[in-house]
Amino acid sequence: MTAQHTILKIRRPDDWHIHLRDDRMLETVLPYTSRFFGRAIVMPNLTPPITSVASAIAYRQRILAAVPQGDNFHPLMTCYLTDTLDANEIVSGFEQGVFTAAKLYPANATTNSSHGVTSVATISGILEKMQKIGMPLLIHGEVTDPAIDIFDREARFIETILEPLRQDFPELKVVLEHITTKEAAEYVIAGNDYLAATITPQHLMFNRNHMLVGGIRTHLYCLPILKRNTHQQALREAVASGCDRLFLGTDSAPHAKHRKESSCGCAGVFNAQAALSTYATVFEEMNALDKLEAFCSLNGPRFYGLPVNDSWIELHREAVTFPEEIALGDESLIPFLAGQSLNWSVR
């Protein structure tokens, strides 16, 4: 990374966790990612989910067809793990270069996760093969027991599910996605080279007070849910530490406006258009701009065993205002930081 006055030049970043959806939604949101990101790990929780090599290839083709002319963007596909998935399908997809990783959703933990895994024991054969071939496991790390408070579900998952899983499969590469708690940050930083984590813009910039005080701000509602400010501060300190197993994952998850602004609104924040500006803002606030490029552009490729991108982007320290709404056919999206401004723009 080079810095000259108010310009930061960094390797083109990658997004290691994104929801691109499909059809009109895909066509609407993809340009906000493909413009500045070289690659993205694409979540498989469509309806129906991506559980086969054939469906992953077809979805990748739909994504590539929606990439605007002039953008050099490569989607990295994932397989949705289920209790009944054939392990050979996973291995075949990975060896063919179709699947980059496999995603573990605890059943009913988040959007479109009803087909998810009911118990790690049911997929032990798959995990054994993934460990053998070096295929990363991506985890939505929350328990789904209704007796566990929603704000405690990540910490409980680490204690009761993730740690035993890592003991059973010590050389399985694991990414604990969108971490939100002090417990998760400490656990990952204390881990070994087989454990990494992604962190979203919203969990670095906001805490649950921002979502709940003075009125409910539905467009900050996501899963895992925003936590108290002590957890937010722990995440900020974690990225500022320079740990090379923490990297960018926006978890950008668009929903139409009417699906967010309802009596039972959907979980998900569409942040692709503001993500890099947000990360730069947070890293500057933490006096850690020298760590920004590694978080955005270097740590992820290193963990996945992929080359870094050979192109660059620039972040300029100048005000940028984000749109109030984004058209979605006859509907619209309300983006992260709608109508607000930050002091870092991307070129």
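Counting begins at 1 with the first residue displayed.
Quick reminder: no glycine exception, Cβ is built from N, Cα and C everywhere.
For D251, the entry in Swiss-Prot reads active site, with the evidence type sequence analysis. For D251 (active site), the same-chain residues lying six or more positions away in sequence with a CB closer than 8 A to its CB are H17, I18, H19, E177, H178, T198, T200, C222, G268, V269, N271.
Neighbour density for H19 (Zn(2+) 1 binding site): within 10 A of its CB lie 24 other CB atoms from the protein chains shown. DSSP assigns H19 (Zn(2+) 1 binding site) to coil in the three-state reduction, placing it in neither a helix nor a strand. Among the features that Swiss-Prot reports, Zn(2+) 1 binding site is placed at H17, H19, K103, D251, with the record citing sequence analysis.
For H19, L20, R21, N45, H140, L223, H255, A267, the entry in Swiss-Prot reads substrate binding site, with the evidence type sequence analysis.
Feature annotation from Swiss-Prot assigns Zn(2+) 2 binding site to K103, H140, H178.
Long-range Cβ proximity for K103 (Zn(2+) 1 binding site), meaning a same-chain Cβ under 8 A and a gap of 6 or more residues, is found for M43, P44, N45, T78, C79, Y80, L81, L138, I139, H140. Annotation note: K103 (Zn(2+) 1 binding site) sits in a strand segment as assigned by DSSP. Taken from Swiss-Prot, the feature N6-carboxylysine applies to K103, supported by sequence analysis.
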In the same chain, outside K103, H140, H178, whose C-beta lies within 8 angstroms of the Cβ mean position for the Zn(2+) 2 site?
H17, M43, L104, Y105, T110, L138, I139, G141, E177, D251
Starting from the Cβ of H140 (substrate binding site), draw a 10 Å sphere and report how many other Cβ atoms land inside it.
24
Over all shown protein chains, what is the count of other CB atoms within 10 A of the CB belonging to H178 (Zn(2+) 2 binding site)?
26
L20, L223, A267: which of these binding-site residues has the highest Cβ count within 10 Å of its own Cβ?
L20
H17, H19, K103, D251 excluded, remaining Cβ within 8 Å of their centroid (Zn(2+) 1):
I18, I41, M43, N45, L138, E177, H178, G249, A253
